[in-house]
Amino acid sequence: MGDKEIGSFPATPRTGSAAPTPPISAPPSQLHSPSLTRSPLLSTDDHIQPASKTPKSSTPRIRTPRFITPLGSPIRRALKLTRLDPHDAWLPITESRNGNAYYAAFHTLCSGIGIQALVLPVAFTFLGWSWGIITLTVTFIWQLYTLYLLVHLHESPETGMRYSRYLQLCNATFGEKLAKWFALFPILYLSAGTCITLIIIGAQSCRLFFNTVCGGTCSAQPPTNAEWYLIFTSAAVLLSQLPNLNSIAGVSLVGAITAIAYCTLIWVISVVEGRMPGVSYNPVKGRTEVIRIFDILNALGIIAFAFRGHNLILEIQATMPSDEKHPSRVPMWKGVKIAYTLVAMCLFPLAIAGYWAYGQMIPVDGGMLTALFAFHGQDTSQFLLGLTSLCVIISSLSSFQIYGMPAFDDMESLYVKKKKEPSPWWLRLIFRALFGYLCFFAAVAIPFLASFAGLIGGITLPVTLAYPCFMWVKVKKPKVYGPNWWLNWSLGLFGMALSGLLIAASLFVIIDNGVEFSFFNPA
């Protein structure tokens, strides 16, 4: 929000002999689809001044062209300022605005289903059947409601702004200082931290795939664990050279299909193979009541972490055209509903079937994927095991692209704001390679990051469940003490309190159970 912004004011009749300034105009298609040009819509030093002719009557008639107020006629009638960011046409997230509901569904599904869903049965081991299902259902409904809020907060009819990034909306709502304190770190983690985790999971899946396909028949020396990390990262960096968010819609589609495939394969194979002998569904109880409570809170963090992608919703919606007759929230919400119907069809069977098949025996590290290879590696078709590993690899590569896009956007914005020109192709290549290999270094340095699912869920929970409620109250200003006001304040405050409890509980569980901190020793 600290960027320069351009404004449009109603034209003022000119007097005297000064030559009139020729009007600057642009068709609506250019405004909504900046990908048609690599030049900015307007320079930052210019103001849009609509053409006007001074009528013969003493009262001039002021006309406001349609392209100045794309979000609705109320602004045009009020002649309020419409502000556009001239740099958006050069940045990866907003460079192309020709997306649609299907693209939104692909991106949302690819970002919404991930490897973190495979540890949901671990949460059930502490919550049990009833509370596990209830908690998962309530959390799903809660996060779907906050998705609805974010989709409708993307465009502001009052100011004419499109908030194309989650942090941008936080800055506009809470102020830059508060946004940096409370939102910057969770958002950065959900981008860079998720990419680090994807490298860890993707590399481990590459090793599983190699061992499954090759087995004991290959004479070739398998790569070391660090080399698997490097192989996966290099593939992700190569794929990241696609220029903008819309250009990876096909990648997101492939990622979504493979994510649905491996989720379905894992729970179906587990059910077909049957329950493990001696399986128990009694909730795990700690040595003391305090430990028991903290274990339950840590389980809630695991469930919260299963629902990710809210930090990308505004970015995905920014790829769509929007005008007063066809606001972007309509196709975006349609895409979200399609995506989260499929998300529910993956997450609920995984959690329920996984807990049914393995009970308390479900591995804490890796969850269902580890259980599949540990318990059924010998009695399951090697083709199915190899296909499952391959789907995890492809899905992780695809998810890396969409979660890395906000970081690519931030890096390129530094150059764009300074040079007032788009990033050249060679600089874009350097930025994305630098980000990818920094994530590789972090993955090798802290390969145990994936073990902190409960802690990460607590840290990022406000981005998913709390901040959208506060932003809705601040921006939409519902009637004080009305039902909508009470609902959003209650959910927001409860989400913040729950986040603090989850962080404290997860730290306690980590310290109490112990974690093997194997720095620079990838497993």
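Even glycines carry a Cβ here, placed using N, Cα and C.
The region 'Disordered' annotation in TrEMBL covers 1-68. Per TrEMBL, the feature compositional bias 'Low complexity' maps to 27-43. Residues or ranges marked as compositional bias 'Polar residues' in TrEMBL: 51-61. Per TrEMBL, domain 'Amino acid transporter transmembrane' is recorded for 98-506. According to TrEMBL, the transmembrane segment annotation covers 101-124, 131-151, 181-201, 248-270, 338-358, 383-404, 425-446, 452-473, 485-511.
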Tertiary contacts of the transmembrane segment (338-358), as residues 6+ beyond its ends and Cβ separation under 8 Å: 101, 104-105, 108-109, 112-113, 117-118, 120-121, 123-125, 129, 132-133, 136, 140, 144, 147, 256, 259-260, 263-264, 266-268, 270-271, 273-276, 279, 281, 306, 367-368, 371, 375
Taking residues 6+ outside the transmembrane segment (131-151), which of them lie with a CB under 8 Å of any CB in it? 120, 123-124, 166, 169, 299-300, 303-304, 306-307, 310, 313-314, 317, 329, 332-333, 336, 340, 344, 347-348, 351-352, 355, 464-465, 468-469, 471-472, 488, 491
Contact between the transmembrane segment (452-473) and the transmembrane segment (181-201) (3 or more Cβ pairs under 8 Å, separation 6+): yes
Within this structure, do the transmembrane segment (485-511) and the transmembrane segment (181-201) have 3 or more Cβ pairs under 8 angstroms, counting pairs 6 or more apart in sequence? no
